[in-house]
Amino acid sequence: MDDYMVLRMIGEGSFGRALLVQHESSNQMFAMKEIRLPKSFSNTQNSRKEAVLLAKMKHPNIVAFKESFEAEGHLYIVMEYCDGGDLMQKIKQQKGKLFPEDMILNWFTQMCLGVNHIHKKRVLHRDIKSKNIFLTQNGKVKLGDFGSARLLSNPMAFACTYVGTPYYVPPEIWENLPYNNKSDIWSLGCILYELCTLKHPFQANSWKNLILKVCQGCISPLPSHYSYELQFLVKQMFKRNPSHRPSATTLLSRGIVARLVQKCLPPEIIMEYGEEVLEEIKNSKHNTPRKKTNPSRIRIALGNEASTVQEEEQDRKGSHTDLESINENLVESALRRVNREEKGNKSVHLRKASSPNLHRRQWEKNVPNTALTALENASILTSSLTAEDDRGGSVIKYSKNTTRKQWLKETPDTLLNILKNADLSLAFQTYTIYRPGSEGFLKGPLSEETEASDSVDGGHDSVILDPERLEPGLDEEDTDFEEEDDNPDWVSELKKRAGWQGLCDR
């Protein structure tokens, strides 16, 4: 600490304090995070992970790491100071005046670039929110606060420990399911929605209704003056099934964001980190399959046309009457050729349908009665890969023996029971909680002037676990590999920490 002079405190949280400091020799300003070190060795190691991860993240859209050291029972992380404040402050300063779309998309593109970088490094941020997005006076946007981040063992893994701020948490975490990089995309969508509306996407008067609204994924539409592409982008990021959400790479290589990477960002920023993304954009273009044409037919047609043109050139010196007769003959021959081709196509099609030596098989377009008959009285069961009975024409039964970890897919009911009588201060430092006797609203920093409704479309019954939630989609980042963890069940951990072991049994 001797090399730094503390100027003032710029933030405070459960971790400790954030200080604005000045380096004694260079007079340069830095932000310093002061973290109280726990007494246990394992917890101390976890606290040190933030410094280790941040030191690896060298990117213009990520808060730069300078150094870290320990003194007097505290860990100090010195990092770049962003003189424009955080995004939450910027949103609140608007006081109801909406941001222009080009500004929103410029900020969002830079956020995507930062998130894409950490995902390429196999890191999940796990607490992306407006307070953790920082601005500089020259227009740069930077992702910060890696205190909740997690390094996965491989790029195709899932994490399973609950971390995050409730307003930005995706449905799969509330449902106690493993999650991957797509949880960060949901949180990024929450920030984009806040930039467009100056409000949280999900607002409620209680934990119960907040969780139910998030699990349903229903949001109010954006203001109508924003473009259709922007509104579609928000909807894509709020897909309940994680595999249906775009990855950061996909966001940067398609649509309006892709155009911004090349056109709207300053040239010096593109020179710094844009080459990789621009290359991905080029590779992603023109991937849609096109209708195939018969090249031999094209060559025949071109040959016929060429010979016709040559004949016309040779006879060009003939009389006007000869030219007219030539044209009439050409028209008649063309009509006859078209008629012959149509008849020929019909006969060829009939021959193909009846020919036994086809390259492509013609599948019968009827209901598969055999399969329906076999499955008519079968019970619907989850199964593994080992068959005990493989008799033809019967339903195969599978054993439950498996070497694969079976995740406990709890419904949000368990969580709701735990939080039934919970103190709303568990919503972390991000939120302003009304004290008892003041209507008990669960409020976020952007819901001070709003009274959220407790109505939830569809009630409890509409919150149904999607059995294909973790099935791989088209995005190559989606996998079905799980991350090993000593404590995969965050709901049980929540019970333990809150001292509510017997609450659910009441």
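The first residue you see is number 1, and the count goes up from there.
From the backbone N, Cα and C atoms, a Cβ is placed for every residue, glycine too.
Taken verbatim from Swiss-Prot:
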REGION    1-285  region 'Interaction with VAV2'
MOD_RES   M1  N-acetylmethionine
DOMAIN    4-257  domain 'Protein kinase'
BINDING   I10, G11, E12, G13, S14, F15, G16, R17, A18, K33  ATP binding site
ACT_SITE  D127  active site, proton acceptor
REGION    302-325  region 'Disordered'
COMPBIAS  314-323  compositional bias 'Basic and acidic residues'
REGION    441-490  region 'Disordered'
COMPBIAS  473-488  compositional bias 'Acidic residues'
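Put simply, A18 is the one of the recorded positions I10, G16, A18, D127 whose Cα lies nearest to the Cα of the residue listed as 'N-acetylmethionine'. In the structure shown, across all protein chains, D127 is the one of the recorded positions E12, D127 with the greatest number of other Cβ atoms within 10 Å. In three-state terms derived from DSSP, E12 (ATP binding site) belongs to an extended strand segment. Counting every protein chain shown, the number of other Cβ atoms lying within 10 Å of the Cβ of A18 (ATP binding site) is 19.
When pLDDT values are averaged over the domain 'Protein kinase' (4-257), the model yields 86.
Within the same chain, residues at least six positions away from G16 (ATP binding site) with a Cβ under 8 Å of its Cβ are K33, E34, I35, R36, H74. In the three-state DSSP reading, A18 (ATP binding site) counts as strand.
Separating the Cα atoms of D127 (active site, proton acceptor) and A18 (ATP binding site) is a whole-number distance of 17 Å. Taking all protein chains in view, 15 other C-beta atoms sit within 10 angstroms of the C-beta of I10 (ATP binding site).
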